[in-house]
Every structure is written in C-alpha cells, then in structure tokens.
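*Asks:* Sharing a structure, written as structure tokens. Questions coming.
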Amino acid sequence: DKTKFNMGPENRTEVTEFILEGFSGLDQRLQLVLSLIFLLIYLTTVMGNATIIFLVYADHRLQTPMYFFIGNLAFLEIWFTSSTSIKLVVILGSGRRTISLSSCFAQSYFYFALGCTECVLLVVMSFDRYVAICQPLHYTAIMKPQVCIHLAVAAWVTGFTFLSYRLVILSQLTFCGSNEIHHFFCDNSPLFKLSCSDTSLLWKIDSVFLSFVILGSLCLTLAFYLCILFCILHLPAASGRKKAFSTCSSHLTTLGIAYGSCIALYLCPSKDVSLENSRIVALLNTVLYPFLNPFIYSLRNKTVVLALNEAIACITTQL
C-alpha cells in the first residue's frame with residue numbers, strides 16, 4: 001500500500017508521509033539512466049566544490065576576499081544540491097518515492113533557507129567585485145578579513161533565521177487527503193495544495209517574502225554590476241577591460257540561471273505554469289546551477305588552475 005495514514009479526530013485520515021511523484025510517468029529504463037546521470041552530476045558537483053574549498057584553505061594565493069566568498073558559495077552549493085539531488089537519485093534509481101512528514105518539512109526548510117542564504121551571498125560577492133574594480137586603492141582597507149567574515153556570517157544567519165518562519169507555517173498545516181506530491185522534492189506550491197488547512201494567508205506570506213528576497217537581492221546585485229560596468233568602460237587599458245568583462249560575464253551567466261529559474265518558479269502564478277515545466281525549471285535550479293558554479297567561478301581562473309595543478313603534482317609525488 002503506497003499510502004500511509006493515521007486516523008485523526010472526526011474520522012479524518014491524517015497523512016503521515018508523502019509520495020514524491022516527480023517523473024513517475026517516465027519509462028523505468030529511462031528513469032534508471034537519468035538516475036545515473038544525476039548521480040554523476042551530483043558527485044561532480046560535490047567534488048568540484050569540495051576541491052575549491054580545499055584550494056582556498058590550502059593555497060595562500062587564494063586567501064583573498066573574493067576566494068573566501070567563493071569558498072563559502074562552494075560549501076553552500078554542496079548542501080543546497082544535496083537537499084534535493086540525493087532523494088531525486090533514490091527516486092529514479094530505486095523507485096522509493098516515500099518521504100516522511102518531518103523529512104519533507106526539513107527538506108523544504110533547508111532548500112529555501114540555503115536558497116535565501118545564496119541570494120544574500122551573491123549580493124556580498126557582487127559588492128566585493130564592485131570595491132575591487134571601482135575602488136581598487138581602498139580595497140584592502142574596506143574588505144578586511146574581519147569584515148569578510150562578518151559579511152559571510154550575516155549571509156548564513158539571515159538565510160536560516162528569516163526562513164525559520166517556514167517551520168512555523170508548515171507545523172500549522174494539516175494533511176488529510178491525497179498524499180501524492182507531483183514533484184521530485186517538497187516544494188511550497190505542491191505541498192500547500194495538499195493541505196486541508198486554509199492556506200490563503202500562507203500563500204500570501206510566502207509569495208511576499210520570496211518576492212522580497214529574490215527581487216531585492218537581484219536588484220542590489222545588478223546595481224553593483226551596473227556600477228562595475230561603468231567603471232570598466234573608463235579603464236584606460238584594453239587588457240584590464242577585457243579581464244574585468246570576462247570575470248563579470250561569467251558571473252552574470254550563473255546569475256541568469258539562478259534568478260531566472262527562481263523567478264519562473266516562485267514569482268509567476270503557479271496556475272499558469274504546468275507541473276512538467278515547473279519540474280524542468282526546478283532541475284536547472286537544483287542540479288545544473290550548482291554543477292556549473294565551480295567551473296564558472298573558479299576552475300576557469302588561471303590562479304585556481306595553477307593551484308590545482310600544483311596540488312595534484314604534490315599528491316602524485318607523495319604517492
């Protein structure tokens with residue numbers, strides 16, 4: 001029996017676990033192939049981000065504010081993709097689609113808390129690039145180690161504290177009907193739709209808060225990059241402009257994927273977006289974006305590549 005209920009008051013059945021039905025309509029062989037692909041992407045994502053964290057910690061050339069924040073982003077991406085990808089691989093590979101109520105709530109909380117933290121961290125990183133390019137003479141004085149640590153801690157605390165309201169919201173919901181979530185993780189829209197409680201107020205709170213986080217951080221990030229663009233255009237050396245443009249363009253590529261998927265998922269009316277399209281866009285946000293980050297932010301950087309080659313050479317020599 002794929003459903004699991006407890007008898008609640010007034011002879012109503014209370015849901016104690018959910019079934020994640022995302023991609024259940026696909027052929028079983030195709031699901032197995034996809035599980036292997038997503039597992040490979042997940043392992044590559046974890047290894048790539050873990051490599052960046054190791055290099056930033058071990059190589060003195062990378063112990064600068066920019067790489068400190070990139071290291072924070074890499075650490076965050078490991079947990080962000082793990083919050084959904086592990087369960088997705090299990091669903092596709094073994095067909096075990098059940099998830100308990102508490103696990104579902106925890107997954108929802110960590111997914112959104114980590115997402116909020118990333119939005120704040122991207123603002124901090126754009127501010128760091130703004131100071132480095134537009135005020136290079138004051139960069140060392142402004143971006144002191146203590147300031148960098150405070151900014152990083154503020155990003156993590158903000159994300160996990162602000163999103164604690166989700167735990168309060170979810171704890172107030174009751175589920176007594178269908179327990180099938182038509183998604184591959186416990187996203188807010190399919191979860192709220194299954195609740196027997198009046199969720200109209202919850203929809204409004206969630207919509208307003210997510211809009212504030214996504215649009216607020218996006219506007220601040222774009223404002224810093226716009227200032228950077230004006231500064232780049234006034235650089236005297238063509239080589240300096242080319243290097244700055246190359247760095248900023250790669251950052252803006254990842255921003256386009258991250259914010260584009262978030263806007264499509266959480267700022268567009270859910271009734272206007274099909275479940276199939278929603279799942280595909282969610283894959284961009286939870287699988288593709290964390291996978292691309294190590295390559296776009298770090299592994300195409302000459303200093304990082306040099307540090308990586310030296311680390312590999314050192315390990316090889318010791319073996």
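If you go along the chain as it appears here, the first residue is 1 and each next one adds 1.
The backbone N, Cα and C atoms fix where each Cβ goes, glycine too.
So TrEMBL lists the following for this protein:
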type	residues	note
DOMAIN	48-297	domain 'G-protein coupled receptors family 1 profile'
TRANSMEM	32-57	transmembrane segment
TRANSMEM	69-89	transmembrane segment
TRANSMEM	109-127	transmembrane segment
TRANSMEM	147-165	transmembrane segment
TRANSMEM	208-232	transmembrane segment
TRANSMEM	244-267	transmembrane segment
TRANSMEM	279-299	transmembrane segment
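For each feature listed, report its degree of burial, its nearest neighbours and the pertinent distances within the displayed model.
*Replies:* Sequence-distant contacts of the transmembrane segment (69-89) (same chain, at least 6 residues past either end, Cβ-Cβ under 8 Å): 20, 22, 35, 38-39, 41-42, 45-46, 48-50, 52-53, 56-57, 99, 107, 110-111, 114-115, 117-118, 121-122, 124-125, 128, 148, 151-152, 155, 184-185, 286-287, 290-291, 293-294, 297-298.
Under 8 Å from some Cβ of the transmembrane segment (109-127) lie the Cβ atoms of residues 66, 69-70, 72-73, 76-77, 79-80, 83-84, 151-152, 154-156, 158-160, 162-164, 166-167, 170, 185-188, 210, 213-214, 217-218, 220-221, 224-225, 228, 251, 255, 258, 262, 286, all in the same chain and six or more residues away from its ends.
Outside the transmembrane segment (208-232) by six or more residues, the chain places 112, 116, 119-120, 122-123, 126-127, 129-130, 133-134, 162, 165, 241, 244-245, 248, 251-252, 255, 259, 262-263, 266-267 with a CB less than 8 A from a CB of the stretch.
The list of residues near the transmembrane segment (279-299) in space but at least 6 beyond its ends in sequence, with Cβ under 8 angstroms from a Cβ of it, reads 22-23, 38, 41-42, 44-45, 48-49, 51-52, 55, 67, 70, 73-74, 77-78, 80-81, 83-85, 88, 111, 183-185, 187, 250-251, 253-254, 257-258, 260-262, 264-265, 273, 305, 308.
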*Asks:* Summarise the model confidence on the domain 'G-protein coupled receptors family 1 profile' (48-297) as a single mean pLDDT, whole number.
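*Replies:* On average, pLDDT over the domain 'G-protein coupled receptors family 1 profile' (48-297) sits at 86.
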